[in-house]
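All remarks here apply to the structure that follows.
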Amino acid sequence: DYSPMTPQDLELRKNEEYTILEKSDANWWRARDKYGKEGYIPSNYVVEAEKGLEKYDWYCKNMNRSQAEHLLKSENKDGGFLVRDSSKAGKYTVSLLTKGGGEISGVCKHYNICTTPQGQVYLAEKHHFNTIPELINYHQHNAAGMVSRLKHIVSNRPSPPSTAGLGYGVWEIDPRDLTFIRELGNGQFGVVKYGKWQGQHDVAIKMIKEGSMSEDDFIEEAKIMMKLRHENLVQLYGVCTKQRPIYIVTEFLANGCLLTYLKEGLTVHPTTVQLLEMCKDVSEGMAYLESQQYLHRDLAARNCLVDGNGTVKVTDFGLSRYVLDDEYTSSAGSKFPVRWSPPEVLLYCRFSSKSDIWAYGVLMWEVYTLGKLPYERLNNTEIVDQVSRGMRLFRPQLANERIYSIMSSCWSDKPEERPTFQEVALTVQDLLYELQYN
(Lines of atoms letter the chains of each structure in order from A and count residues from 1; the text may use other names and numbers.)
(Lines give C-alpha, C1' and ligand atoms only; values in the text may rest on other atoms or scores of the structure.)
Protein backbone atom coordinates (compact mmCIF):
# COMPACT_ATOMS: atom_id res chain seq x y z
CA ASP A 1 0.00 0.00 0.00
CA TYR A 2 1.06 3.60 -0.54
CA SER A 3 -0.35 6.47 1.54
CA PRO A 4 -0.26 9.89 -0.18
CA MET A 5 2.38 12.32 1.07
CA THR A 6 0.98 15.34 -0.81
CA PRO A 7 -2.57 16.31 -1.92
CA GLN A 8 -1.78 15.49 -5.57
CA ASP A 9 -0.78 11.87 -4.78
CA LEU A 10 -3.12 8.90 -5.28
CA GLU A 11 -3.50 6.22 -2.60
CA LEU A 12 -2.43 2.72 -3.69
CA ARG A 13 -3.91 -0.51 -2.33
CA LYS A 14 -2.32 -3.91 -2.86
CA ASN A 15 -4.06 -6.11 -5.48
CA GLU A 16 -6.12 -3.20 -6.86
CA GLU A 17 -5.76 -2.28 -10.53
CA TYR A 18 -4.91 1.25 -11.74
CA THR A 19 -4.88 2.82 -15.21
CA ILE A 20 -1.63 4.66 -16.04
CA LEU A 21 -2.42 8.01 -17.72
CA GLU A 22 1.05 9.54 -18.08
CA LYS A 23 4.69 8.43 -17.65
CA SER A 24 6.53 11.73 -18.26
CA ASP A 25 8.56 11.33 -15.05
CA ALA A 26 10.41 8.02 -14.52
CA ASN A 27 9.64 7.89 -10.78
CA TRP A 28 6.15 9.41 -10.60
CA TRP A 29 3.33 8.37 -12.93
CA ARG A 30 -0.13 9.88 -13.21
CA ALA A 31 -2.79 7.20 -12.62
CA ARG A 32 -6.53 6.66 -12.13
CA ASP A 33 -8.13 4.24 -9.65
CA LYS A 34 -11.33 2.21 -10.15
CA TYR A 35 -13.42 5.02 -8.61
CA GLY A 36 -12.17 7.54 -11.21
CA LYS A 37 -9.87 9.38 -8.79
CA GLU A 38 -6.61 10.62 -10.36
CA GLY A 39 -3.21 11.50 -8.94
CA TYR A 40 0.51 10.72 -8.87
CA ILE A 41 1.94 7.36 -7.79
CA PRO A 42 5.52 6.11 -7.22
CA SER A 43 6.29 3.97 -10.29
CA ASN A 44 8.22 1.36 -8.28
CA TYR A 45 5.03 0.41 -6.37
CA VAL A 46 3.22 -1.04 -9.39
CA VAL A 47 3.68 -3.89 -11.87
CA GLU A 48 1.77 -4.68 -15.04
CA ALA A 49 -1.41 -6.62 -14.20
CA GLU A 50 -1.21 -10.37 -14.72
CA LYS A 51 -3.70 -11.83 -17.12
CA GLY A 52 -6.44 -14.29 -16.17
CA LEU A 53 -6.22 -16.36 -13.00
CA GLU A 54 -2.48 -15.90 -12.48
CA LYS A 55 -2.97 -12.85 -10.28
CA TYR A 56 -4.76 -14.97 -7.64
CA ASP A 57 -2.70 -16.72 -4.95
CA TRP A 58 -5.06 -19.72 -4.99
CA TYR A 59 -4.27 -20.54 -8.64
CA CYS A 60 -1.45 -23.08 -9.07
CA LYS A 61 -0.61 -23.34 -12.76
CA ASN A 62 0.92 -26.57 -14.13
CA MET A 63 0.16 -28.65 -11.02
CA ASN A 64 -1.20 -32.20 -11.22
CA ARG A 65 -3.45 -34.07 -8.79
CA SER A 66 -0.69 -35.80 -6.79
CA GLN A 67 1.35 -32.56 -6.48
CA ALA A 68 -1.80 -30.77 -5.23
CA GLU A 69 -2.42 -33.49 -2.62
CA HIS A 70 1.21 -33.34 -1.49
CA LEU A 71 1.06 -29.52 -1.09
CA LEU A 72 -2.31 -29.57 0.73
CA LYS A 73 -1.18 -32.36 3.09
CA SER A 74 2.11 -30.60 3.86
CA GLU A 75 0.10 -27.51 4.98
CA ASN A 76 -2.49 -29.81 6.64
CA LYS A 77 -5.09 -27.07 7.26
CA ASP A 78 -8.78 -27.95 7.41
CA GLY A 79 -10.37 -26.17 4.44
CA GLY A 80 -7.00 -25.59 2.72
CA PHE A 81 -7.58 -25.28 -1.03
CA LEU A 82 -6.10 -24.40 -4.40
CA VAL A 83 -7.30 -24.17 -8.00
CA ARG A 84 -5.29 -26.02 -10.66
CA ASP A 85 -5.48 -26.86 -14.34
CA SER A 86 -7.53 -30.01 -14.88
CA SER A 87 -6.19 -32.97 -16.89
CA LYS A 88 -8.78 -31.90 -19.51
CA ALA A 89 -7.45 -28.95 -21.52
CA GLY A 90 -9.03 -25.60 -20.67
CA LYS A 91 -10.77 -26.96 -17.54
CA TYR A 92 -10.02 -26.27 -13.87
CA THR A 93 -10.24 -28.28 -10.64
CA VAL A 94 -10.61 -27.15 -7.02
CA SER A 95 -8.54 -29.36 -4.67
CA LEU A 96 -9.63 -29.15 -1.03
CA LEU A 97 -8.35 -30.74 2.20
CA THR A 98 -10.89 -31.59 4.89
CA LYS A 99 -10.62 -32.88 8.43
CA GLY A 100 -14.39 -33.24 8.64
CA GLY A 101 -14.24 -36.46 10.65
CA GLY A 102 -11.86 -34.93 13.19
CA GLU A 103 -8.85 -36.73 11.62
CA ILE A 104 -5.35 -35.48 12.47
CA SER A 105 -4.29 -35.66 8.82
CA GLY A 106 -6.89 -34.51 6.33
CA VAL A 107 -8.41 -36.11 3.25
CA CYS A 108 -8.18 -34.43 -0.19
CA LYS A 109 -11.26 -33.96 -2.36
CA HIS A 110 -11.16 -32.76 -5.97
CA TYR A 111 -14.05 -30.84 -7.57
CA ASN A 112 -14.18 -30.09 -11.29
CA ILE A 113 -15.38 -26.58 -12.12
CA CYS A 114 -18.30 -27.18 -14.49
CA THR A 115 -19.62 -24.84 -17.19
CA THR A 116 -23.30 -24.28 -18.12
CA PRO A 117 -24.39 -24.03 -21.78
CA GLN A 118 -24.60 -20.23 -21.17
CA GLY A 119 -20.92 -20.13 -20.17
CA GLN A 120 -21.40 -19.73 -16.40
CA VAL A 121 -19.25 -21.73 -13.97
CA TYR A 122 -20.28 -23.73 -10.90
CA LEU A 123 -19.23 -26.31 -8.33
CA ALA A 124 -22.70 -26.77 -6.82
CA GLU A 125 -25.69 -27.10 -9.20
CA LYS A 126 -27.68 -24.20 -7.71
CA HIS A 127 -24.91 -21.59 -7.56
CA HIS A 128 -23.74 -20.31 -10.96
CA PHE A 129 -21.23 -17.48 -11.52
CA ASN A 130 -19.88 -15.51 -14.46
CA THR A 131 -16.23 -15.94 -13.49
CA ILE A 132 -14.04 -18.37 -11.53
CA PRO A 133 -12.91 -15.65 -9.02
CA GLU A 134 -16.60 -14.94 -8.20
CA LEU A 135 -17.19 -18.68 -7.74
CA ILE A 136 -14.19 -19.00 -5.40
CA ASN A 137 -15.23 -15.89 -3.42
CA TYR A 138 -18.71 -17.39 -2.89
CA HIS A 139 -17.35 -20.78 -1.73
CA GLN A 140 -14.88 -19.07 0.63
CA HIS A 141 -17.99 -18.17 2.63
CA ASN A 142 -20.36 -21.07 1.80
CA ALA A 143 -19.70 -24.83 1.57
CA ALA A 144 -22.86 -25.25 -0.60
CA GLY A 145 -22.56 -28.95 -1.44
CA MET A 146 -18.82 -29.39 -0.76
CA VAL A 147 -17.34 -31.07 2.34
CA SER A 148 -16.19 -27.67 3.65
CA ARG A 149 -16.06 -24.03 2.61
CA LEU A 150 -12.75 -22.89 1.10
CA LYS A 151 -11.08 -21.57 4.26
CA HIS A 152 -7.34 -21.25 3.61
CA ILE A 153 -5.52 -20.46 0.38
CA VAL A 154 -2.64 -22.91 -0.12
CA SER A 155 -0.16 -21.57 -2.65
CA ASN A 156 3.05 -22.81 -4.27
CA ARG A 157 4.28 -19.23 -4.73
CA PRO A 158 7.15 -17.82 -2.66
CA SER A 159 6.01 -16.21 0.59
CA PRO A 160 5.73 -12.41 0.62
CA PRO A 161 8.23 -10.41 2.71
CA SER A 162 7.62 -10.63 6.45
CA THR A 163 6.23 -7.10 6.77
CA ALA A 164 3.30 -7.88 4.42
CA GLY A 165 -0.12 -8.66 5.91
CA LEU A 166 -0.09 -9.77 9.52
CA GLY A 167 3.70 -9.95 9.70
CA TYR A 168 5.08 -10.30 13.22
CA GLY A 169 6.30 -6.94 14.40
CA VAL A 170 3.52 -5.23 12.46
CA TRP A 171 0.24 -6.68 13.73
CA GLU A 172 1.48 -9.03 16.44
CA ILE A 173 1.31 -6.95 19.63
CA ASP A 174 3.70 -7.79 22.46
CA PRO A 175 1.55 -8.49 25.57
CA ARG A 176 4.24 -6.74 27.67
CA ASP A 177 3.22 -3.49 25.93
CA LEU A 178 -0.33 -3.79 27.35
CA THR A 179 -1.45 -2.40 30.72
CA PHE A 180 -4.81 -3.67 32.04
CA ILE A 181 -6.81 -0.99 33.85
CA ARG A 182 -10.37 -2.24 34.41
CA GLU A 183 -12.90 -4.79 33.25
CA LEU A 184 -15.48 -3.57 30.71
CA GLY A 185 -17.64 -6.68 30.51
CA ASN A 186 -17.90 -10.34 29.68
CA GLY A 187 -18.74 -11.35 26.11
CA GLN A 188 -19.28 -14.45 24.00
CA PHE A 189 -15.52 -15.04 23.85
CA GLY A 190 -14.50 -14.05 27.38
CA VAL A 191 -13.54 -10.99 29.42
CA VAL A 192 -13.06 -7.56 27.78
CA LYS A 193 -10.78 -5.06 29.56
CA TYR A 194 -9.91 -1.41 29.12
CA GLY A 195 -6.20 -0.75 29.03
CA LYS A 196 -3.28 1.13 27.51
CA TRP A 197 -0.92 0.12 24.75
CA GLN A 198 2.68 1.32 25.29
CA GLY A 199 1.39 3.31 28.26
CA GLN A 200 -0.39 5.96 26.19
CA HIS A 201 -2.97 4.63 23.69
CA ASP A 202 -6.46 3.70 24.97
CA VAL A 203 -7.40 0.17 23.88
CA ALA A 204 -10.00 -2.51 24.54
CA ILE A 205 -8.52 -5.99 25.05
CA LYS A 206 -10.61 -9.11 24.45
CA MET A 207 -9.12 -12.09 26.28
CA ILE A 208 -10.30 -15.11 24.30
CA LYS A 209 -11.56 -17.88 26.58
CA GLU A 210 -9.88 -21.14 25.51
CA GLY A 211 -12.26 -23.44 23.68
CA SER A 212 -14.66 -20.62 22.79
CA MET A 213 -13.17 -19.85 19.36
CA SER A 214 -11.63 -21.63 16.40
CA GLU A 215 -8.34 -19.81 16.99
CA ASP A 216 -6.26 -20.76 13.92
CA ASP A 217 -9.12 -19.81 11.61
CA PHE A 218 -9.57 -16.51 13.45
CA ILE A 219 -5.87 -15.61 13.20
CA GLU A 220 -6.15 -16.06 9.41
CA GLU A 221 -9.29 -13.87 9.39
CA ALA A 222 -7.56 -11.16 11.46
CA LYS A 223 -5.31 -10.50 8.46
CA ILE A 224 -8.40 -9.44 6.50
CA MET A 225 -10.02 -7.58 9.42
CA MET A 226 -6.90 -5.45 9.89
CA LYS A 227 -7.36 -4.04 6.40
CA LEU A 228 -10.94 -2.88 7.04
CA ARG A 229 -10.79 0.82 7.91
CA HIS A 230 -13.77 3.14 8.26
CA GLU A 231 -14.80 5.80 10.77
CA ASN A 232 -17.91 3.77 11.67
CA LEU A 233 -16.10 0.47 12.25
CA VAL A 234 -14.26 -0.32 15.48
CA GLN A 235 -10.62 -0.58 14.37
CA LEU A 236 -8.77 -3.81 15.05
CA TYR A 237 -5.25 -2.77 16.15
CA GLY A 238 -3.59 -6.14 16.54
CA VAL A 239 -3.55 -9.56 18.15
CA CYS A 240 -1.41 -11.39 20.70
CA THR A 241 -1.22 -14.97 19.45
CA LYS A 242 2.03 -16.25 20.94
CA GLN A 243 0.44 -17.09 24.28
CA ARG A 244 -2.88 -18.45 25.56
CA PRO A 245 -5.37 -16.98 26.01
CA ILE A 246 -4.96 -15.01 22.78
CA TYR A 247 -5.87 -11.30 22.94
CA ILE A 248 -7.68 -9.19 20.37
CA VAL A 249 -6.72 -5.52 20.75
CA THR A 250 -9.14 -2.90 19.37
CA GLU A 251 -9.98 0.78 19.53
CA PHE A 252 -11.60 1.77 22.86
CA LEU A 253 -14.92 3.66 22.79
CA ALA A 254 -15.75 5.56 25.97
CA ASN A 255 -19.56 5.25 25.92
CA GLY A 256 -19.55 1.48 25.54
CA CYS A 257 -22.20 -0.75 24.04
CA LEU A 258 -24.99 0.93 22.02
CA LEU A 259 -27.70 -1.24 23.63
CA THR A 260 -26.70 -0.16 27.15
CA TYR A 261 -26.28 3.44 25.95
CA LEU A 262 -29.86 3.46 24.58
CA LYS A 263 -31.25 2.13 27.86
CA GLU A 264 -29.13 4.04 30.37
CA GLY A 265 -26.64 6.43 28.76
CA LEU A 266 -28.88 9.11 27.24
CA THR A 267 -29.07 11.94 29.78
CA VAL A 268 -31.99 13.75 28.12
CA HIS A 269 -34.83 12.33 26.06
CA PRO A 270 -33.37 11.83 22.56
CA THR A 271 -34.73 13.59 19.48
CA THR A 272 -35.68 11.83 16.24
CA VAL A 273 -32.60 13.42 14.64
CA GLN A 274 -30.27 12.07 17.35
CA LEU A 275 -31.62 8.55 16.92
CA LEU A 276 -31.46 8.78 13.12
CA GLU A 277 -27.82 9.90 13.36
CA MET A 278 -27.04 6.66 15.21
CA CYS A 279 -28.75 4.70 12.42
CA LYS A 280 -26.81 6.70 9.81
CA ASP A 281 -23.48 5.85 11.48
CA VAL A 282 -24.28 2.12 11.41
CA SER A 283 -25.53 2.23 7.79
CA GLU A 284 -22.30 3.89 6.64
CA GLY A 285 -20.05 1.39 8.44
CA MET A 286 -22.11 -1.45 6.97
CA ALA A 287 -22.10 0.09 3.45
CA TYR A 288 -18.31 0.01 3.65
CA LEU A 289 -18.32 -3.66 4.73
CA GLU A 290 -20.73 -4.39 1.88
CA SER A 291 -18.37 -2.67 -0.60
CA GLN A 292 -15.60 -4.98 0.64
CA GLN A 293 -17.94 -8.01 0.20
CA TYR A 294 -17.64 -8.67 3.94
CA LEU A 295 -20.58 -10.08 5.92
CA HIS A 296 -21.20 -9.18 9.56
CA ARG A 297 -23.60 -12.09 10.37
CA ASP A 298 -24.46 -10.76 13.84
CA LEU A 299 -25.45 -7.10 13.46
CA ALA A 300 -27.42 -5.83 16.49
CA ALA A 301 -27.25 -2.92 18.95
CA ARG A 302 -25.21 -5.11 21.33
CA ASN A 303 -22.51 -5.34 18.63
CA CYS A 304 -22.12 -1.58 18.16
CA LEU A 305 -20.15 0.79 20.39
CA VAL A 306 -20.47 4.52 21.08
CA ASP A 307 -17.51 6.91 21.38
CA GLY A 308 -17.21 9.97 23.61
CA ASN A 309 -18.81 12.21 20.94
CA GLY A 310 -21.82 9.93 20.45
CA THR A 311 -20.57 8.44 17.14
CA VAL A 312 -21.67 4.83 16.71
CA LYS A 313 -19.26 2.20 15.34
CA VAL A 314 -19.91 -1.39 14.33
CA THR A 315 -17.83 -4.11 16.02
CA ASP A 316 -17.38 -7.91 16.03
CA PHE A 317 -17.97 -8.16 12.26
CA GLY A 318 -17.46 -11.69 10.97
CA LEU A 319 -16.52 -13.07 14.40
CA SER A 320 -19.61 -15.28 14.74
CA ARG A 321 -18.06 -17.71 12.22
CA TYR A 322 -15.34 -18.63 14.73
CA VAL A 323 -17.59 -19.44 17.71
CA LEU A 324 -17.35 -23.08 18.79
CA ASP A 325 -20.51 -23.08 20.98
CA ASP A 326 -23.35 -24.94 19.15
CA GLU A 327 -25.94 -23.00 21.15
CA TYR A 328 -24.68 -19.91 19.32
CA THR A 329 -23.89 -21.25 15.85
CA SER A 330 -26.88 -23.54 15.24
CA SER A 331 -30.08 -21.74 14.24
CA ALA A 332 -31.86 -24.02 16.74
CA GLY A 333 -29.43 -23.01 19.52
CA SER A 334 -30.50 -20.92 22.51
CA LYS A 335 -27.92 -18.16 21.83
CA PHE A 336 -28.44 -17.87 18.04
CA PRO A 337 -29.56 -14.29 17.10
CA VAL A 338 -33.03 -15.47 16.00
CA ARG A 339 -34.60 -12.06 16.70
CA TRP A 340 -32.28 -10.39 14.15
CA SER A 341 -32.50 -13.09 11.47
CA PRO A 342 -34.55 -13.22 8.24
CA PRO A 343 -36.55 -16.28 7.13
CA GLU A 344 -33.81 -17.60 4.79
CA VAL A 345 -31.32 -17.70 7.70
CA LEU A 346 -33.82 -19.19 10.17
CA LEU A 347 -34.93 -21.87 7.70
CA TYR A 348 -31.87 -22.56 5.52
CA CYS A 349 -28.90 -20.77 7.21
CA ARG A 350 -28.38 -18.64 4.04
CA PHE A 351 -26.27 -15.63 5.01
CA SER A 352 -25.70 -12.71 2.63
CA SER A 353 -25.47 -8.92 2.73
CA LYS A 354 -29.30 -9.07 2.48
CA SER A 355 -29.48 -10.96 5.80
CA ASP A 356 -27.26 -8.23 7.28
CA ILE A 357 -29.77 -5.66 5.90
CA TRP A 358 -32.64 -7.44 7.69
CA ALA A 359 -30.65 -7.27 10.94
CA TYR A 360 -30.04 -3.55 10.30
CA GLY A 361 -33.82 -2.98 10.17
CA VAL A 362 -34.11 -4.70 13.56
CA LEU A 363 -31.24 -2.57 14.90
CA MET A 364 -33.11 0.58 13.78
CA TRP A 365 -36.11 -0.74 15.69
CA GLU A 366 -33.90 -1.24 18.79
CA VAL A 367 -32.69 2.36 18.46
CA TYR A 368 -36.23 3.78 18.18
CA THR A 369 -37.54 1.72 21.12
CA LEU A 370 -34.49 2.78 23.20
CA GLY A 371 -33.22 -0.78 23.53
CA LYS A 372 -36.32 -2.96 23.80
CA LEU A 373 -36.01 -6.68 23.01
CA PRO A 374 -37.46 -7.44 19.55
CA TYR A 375 -40.59 -9.69 19.72
CA GLU A 376 -40.26 -9.56 23.53
CA ARG A 377 -43.36 -11.70 24.21
CA LEU A 378 -42.33 -14.55 21.88
CA ASN A 379 -39.85 -17.38 22.33
CA ASN A 380 -37.42 -18.43 19.57
CA THR A 381 -39.66 -21.18 18.15
CA GLU A 382 -42.63 -18.81 17.93
CA ILE A 383 -40.47 -16.17 16.20
CA VAL A 384 -39.27 -18.63 13.53
CA ASP A 385 -42.86 -19.71 12.88
CA GLN A 386 -44.42 -16.23 12.82
CA VAL A 387 -41.67 -14.35 10.94
CA SER A 388 -41.70 -17.07 8.27
CA ARG A 389 -45.45 -16.44 7.90
CA GLY A 390 -44.98 -12.69 7.42
CA MET A 391 -45.26 -11.20 10.93
CA ARG A 392 -43.08 -8.09 11.42
CA LEU A 393 -42.12 -5.77 14.30
CA PHE A 394 -44.56 -2.93 15.06
CA ARG A 395 -43.78 0.76 14.46
CA PRO A 396 -42.07 2.25 17.56
CA GLN A 397 -43.69 5.38 19.05
CA LEU A 398 -40.59 7.49 18.39
CA ALA A 399 -40.41 6.48 14.71
CA ASN A 400 -42.51 8.38 12.15
CA GLU A 401 -43.92 6.65 9.05
CA ARG A 402 -40.88 7.58 6.91
CA ILE A 403 -38.48 6.02 9.40
CA TYR A 404 -40.66 2.93 9.80
CA SER A 405 -40.81 2.52 6.02
CA ILE A 406 -36.98 2.28 5.95
CA MET A 407 -37.13 -0.46 8.61
CA SER A 408 -39.90 -2.28 6.74
CA SER A 409 -37.99 -2.20 3.43
CA CYS A 410 -35.24 -4.19 5.20
CA TRP A 411 -37.78 -6.89 6.10
CA SER A 412 -39.01 -7.85 2.62
CA ASP A 413 -39.64 -11.57 2.47
CA LYS A 414 -37.50 -11.93 -0.67
CA PRO A 415 -33.84 -11.00 -0.08
CA GLU A 416 -33.51 -9.48 -3.58
CA GLU A 417 -36.31 -6.99 -2.77
CA ARG A 418 -34.41 -5.58 0.22
CA PRO A 419 -32.22 -2.50 -0.38
CA THR A 420 -28.42 -2.50 -0.31
CA PHE A 421 -26.60 -0.75 2.54
CA GLN A 422 -25.46 1.90 0.10
CA GLU A 423 -29.10 2.64 -0.77
CA VAL A 424 -30.17 2.66 2.89
CA ALA A 425 -27.27 4.95 3.86
CA LEU A 426 -28.34 7.46 1.17
CA THR A 427 -32.03 7.27 2.17
CA VAL A 428 -31.17 7.82 5.85
CA GLN A 429 -28.84 10.69 4.95
CA ASP A 430 -31.54 12.40 2.83
CA LEU A 431 -34.14 12.04 5.58
CA LEU A 432 -31.71 13.35 8.19
CA TYR A 433 -31.03 16.40 6.01
CA GLU A 434 -34.79 17.06 5.68
CA LEU A 435 -35.38 16.74 9.42
CA GLN A 436 -32.46 19.01 10.28
CA TYR A 437 -33.14 21.77 7.76
CA ASN A 438 -36.94 21.80 7.30
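Heads up, the Cβ atoms here are built off N, Cα and C, so glycines get one too.
Unlike curated entries, TrEMBL annotations are predicted automatically.
Annotated features, as they stand in TrEMBL:
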{"type": "DOMAIN", "residues": "1-51", "note": "domain 'SH3'"}
{"type": "DOMAIN", "residues": "58-154", "note": "domain 'SH2'"}
{"type": "DOMAIN", "residues": "178-432", "note": "domain 'Protein kinase'"}
{"type": "BINDING", "residues": "K206, R302", "note": "ATP binding site"}
{"type": "ACT_SITE", "residues": "D298", "note": "active site, proton acceptor"}
{"type": "BINDING", "residues": "N303, D316", "note": "Mg(2+) binding site"}
Which of the three DSSP states, helix, strand or coil, fits K206 (ATP binding site)?
strand
Just to verify a number: CA distance, K206 (ATP binding site) to N303 (Mg(2+) binding site), in angstrom, no decimals.
14
Which residues, sitting 6 or more apart from N303 (Mg(2+) binding site) on the same chain, put a CB under 8 Å from its CB?
H296, V314, T315, D316
Helix, strand or coil by DSSP: which one applies to R302 (ATP binding site)?
helix
K206, R302: which of these binding-site residues has the highest Cβ count within 10 Å of its own Cβ?
K206
Tally every other Cβ atom lying within 10 Å of the Cβ atom of D316 (Mg(2+) binding site).
22
What count of other C-beta atoms do you get within 10 angstroms of the C-beta of the residue listed as 'active site, proton acceptor', across all chains shown?
23
